[in-house]
Amino acid sequence: MLKGKSLLTLLDFSNYEIESIINLSFSMKSFVNLNSVPKTLENKKIALIFEKPSTRTRISTELAVKLLGGTSIVLSKSDIQLGRGETVEDTARVLGRYVDGIGARVLNHNSLEILSKYSRKPVINLLSDVSHPLQALTDFMTVKERFGTYTNMAFIGDGTDNVLTSLMEFVSKMGLELRVASPKEFRPKQEVWRRIEEESEKSGAIIEFYEDPYEAVRGVKVVYTDVWVSMGQESIAEEKKKKLKDYKVTRDLMRYASKDAIFMHCLPAVRGEEVEDDVIDGHQSAVWDQAENRLYTAMAVLSLFI
């Protein structure tokens, strides 16, 4: 039973619960296509907090609330500044009196923990500096949609990436295989990796790290990348780009993957940097399906948790 719980990290849930989210995501896609969406959020109010700019997450989440019959109240960085002036605890207490649930894209993951504790309402992680669970759920929905089942994946680029963290969490819970190609200095932090490793041992998941991207993608069905420089990393942008220049997803790299492999990217992409135009626009690209599926995953999560 997920109703009333917060979704801050996938590690908090069983493989059965995670699978139930994926299954409902597929159902929501069918409901939208049939124009018969259940109004599971009717008479409910959802606060959507965005400390960071957002395109896909904001549009998909706002639209999800609307389609489910709810009302969304969007609070951008100029409307709300968590922990600046008013404490996050006080903000959470007030929001908890007004709304039925909170979705938040935050600069500091700890803000999500505080919002959940003090609002006493379900809080959905719409991205933090640590993780992005909605994206990982969307990604593996897309994988299952393409192949009929979950399959092996290679992530190329920054091993400290927040989307990668959630991909690893999903893999560790579901007993899958993930290969990560990155320079040694761009590996997950120990505090992040510790719990993922524990869950992997329980489920039989295999998460391996490579320095050679060609070795990592050999024979895999899914090749995934993300931007090299995230928001807030502008001061180290040039340094990161130099160190990651050999981790671009190219047509040549894709040839080493399975013949029916797909390319994935959570967007926005910096074309010519982490991925070539020929790949993201090519026949193997599943990027636009991913973007569409964000809506259905958001609908499933909102329906189950709030």
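Cβ from N, Cα, C; glycine included.
Under the DSSP three-state reduction, CYS266 (carbamoyl phosphate binding site) is assigned to coil, being neither helix nor strand. Residues near CYS266 (carbamoyl phosphate binding site) in space but far in sequence (CB under 8 A, at least 6 apart, same chain), listed by position: HIS132, GLN135, ASP139, VAL163, ASP226, GLN290. Feature annotation from Swiss-Prot assigns carbamoyl phosphate binding site to SER54, THR55, ARG56, THR57, GLN81, ARG105, HIS132, PRO133, LEU134, GLN135, CYS266, LEU267, ARG294.
The L-ornithine binding site annotation in Swiss-Prot covers ASN162, ASP226, SER230, MET231. Under the three-state DSSP scheme, ASP226 (L-ornithine binding site) falls in the coil class.
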Sparsest Cβ surroundings (other CB atoms within 10 Å) among the binding-site residues ARG56, HIS132, ARG294: ARG56
Euclidean distance between Cα atoms of ASN162 (L-ornithine binding site) and ARG56 (carbamoyl phosphate binding site), Å: 16
Nearest recorded site to SER230 (L-ornithine binding site) by CA-CA distance, among binding-site residues SER54, LEU134, ARG294: SER54
Greatest C-beta neighbour count within 10 angstroms, which of the binding-site residues SER54, ASN162: ASN162
